[in-house]
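K.L.:
Take a look at this one; I'll ask things after.
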Amino acid sequence: YYVQVYVMLPLDIITVDNTFEKEDETRAQLKKLTAAGVDGVMIDVWWGLVEGKEPGVYDWSAYKQVFKLVQEAGLKLQAIMSCHQCGGNVGDVGNIPIPQWVRDVGEDNPDIFYTNREGVRNIEYLTLGVDDQPLFHGRTAIQLYADYMKSFRENMADFLDAGVIVDIEVGLGPAGEMRYPSYPQSQGWVYPGIGEFICYDKYLKADFKAAATAAGHPEWDLPDDAGEYNDTPEKTQFFADNGTYQTDKGKFFLTWYSNKLIKHGDKILDEANKVFLGCTVQLAIKVSGIHWWYTVPNHAAELTAGYYNLDDRDGYRTIAHMLTRHPASMNFTCAEMRDNEQSSEAKSAPEELVQQVLSAGWREGLNLACENALSRYDATAYNTILRNARPQGINRNGAPEHKLYGFTYLRVSDELFEGENYTTFKTFVRRMHANLDFNPK
């Protein structure tokens, strides 16, 4: 019954110049979390800070200081290998770009970044088109990520061996999620825009051309009828009823686009598995909860993000199936949302989406975890999370058929520790633990 509860540490716990200045504040926060009974904390480990100065030179000193405090507090740690930029997404504070020397490569070759149809670049994360291109002082993007994880393992061996670090979340895209940057606020996207396909850098263009030619359709091109970030589906030819997405050409594109993303996750998890071989950690990836336009046949916002999910095609089962190879767990967002809280024009259904994704993962035998998407301190949100954590409730005659492996709460703040909020949170943790005093794992 026991579902572990973690809490995310502040995004800016380490400063932009890679120092840890908030020791007293952090110690006090960890004390309150321990008192609330949580199992541990989650932290973003920013590539842009650690390998920020020059290629192959890593500075882990600030993170070691934080990890030590977490260990002293008796808490466990989930570490996110954050190979994306902090800044430009919902809830981001501060700005930590990817390493300067990587961005310098982009000065001469902007195609290393994700690109939309208008040619606008997104510098949050390298395009998966360069995964195997040795453009970074002789290294490919995948080698950059693998070397970063290797250095983490070598430098954090004490914490890994001591069982403090229990979970490695492998960053696979913007916001650390396995998706395309299809809805960037930094480029003017506003909820509930459908977003855009982001595959127009020269590497992905060439890849698509080769794939189409191999399939006997050299005349097929990337979509030019899928609209802009803030369109509604019916404004576009691609997502309209009987639109391009239902044609052979559209299906071929969507299969290619979503498969590229799944292969990207697959390759990086292969590297992570080699790196953390012999460590008792759970590998995990994050999948974004794209709940808007879920109730219309085209699922436009999911498709542009790279999740090829339709009413007759389970786009999350294919991701879950890939994860069984590694094995890795899936961490999914928006566990706190209710359908009736969403505006009707967004055609949103977070509750059904969460159920679909969790079912897909459980059918594949995965460990599944969830997060809330937005900061909430109210009982309604907590009750929604509890319902998702054990969909069948607590069964008196043995373990529940399904339960979450863990839940991560977003995130530590002064507000969380205020009077009523803190009391409600403590009750929530207790209920996630099924009122058990120990972790029976």
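Using the three backbone atoms N, Cα and C, a Cβ is placed for every residue, glycine included.
Copying in the features that TrEMBL gives for the protein in this structure:
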type	residues	note
BINDING	Asp44, His84, Asp92, Lys286, His291, Thr333, Asn372, Ala373, Arg411	substrate binding site
ACT_SITE	Glu177	active site, proton donor
ACT_SITE	Glu371	active site, proton acceptor
K.L.:
Looking only at C-alpha atoms, tell me how far Asn372 (substrate binding site) is from Glu177 (active site, proton donor), rounded to the nearest Å.
P.N.:
14
K.L.:
Going by Cα-Cα distance, which of the recorded positions (Glu177, His291, Arg411) sits nearest to Glu371 (active site, proton acceptor)?
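P.N.:
Nearest listed residue in space: Arg411.
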K.L.:
In whole Å, how far is the residue listed as 'active site, proton donor' from Arg411 (substrate binding site) when you measure between their Cα atoms?
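P.N.:
So the alpha carbons of Arg411 (substrate binding site) and the residue listed as 'active site, proton donor' sit roughly 17 Å from each other.
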K.L.:
Counting Cβ atoms within 10 Å of each candidate's own Cβ, which of the binding-site residues His291, Arg411 comes out highest?
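P.N.:
That would be His291, with the highest Cβ count within 10 Å.
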K.L.:
Given a separation of at least six residues and a C-beta threshold under 8 Å, show me what packs close to Asp44 (substrate binding site) in the same chain.
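P.N.:
Listed in sequence order: Leu9, Leu11, Ile80, Ser82, Cys86, Gly176.
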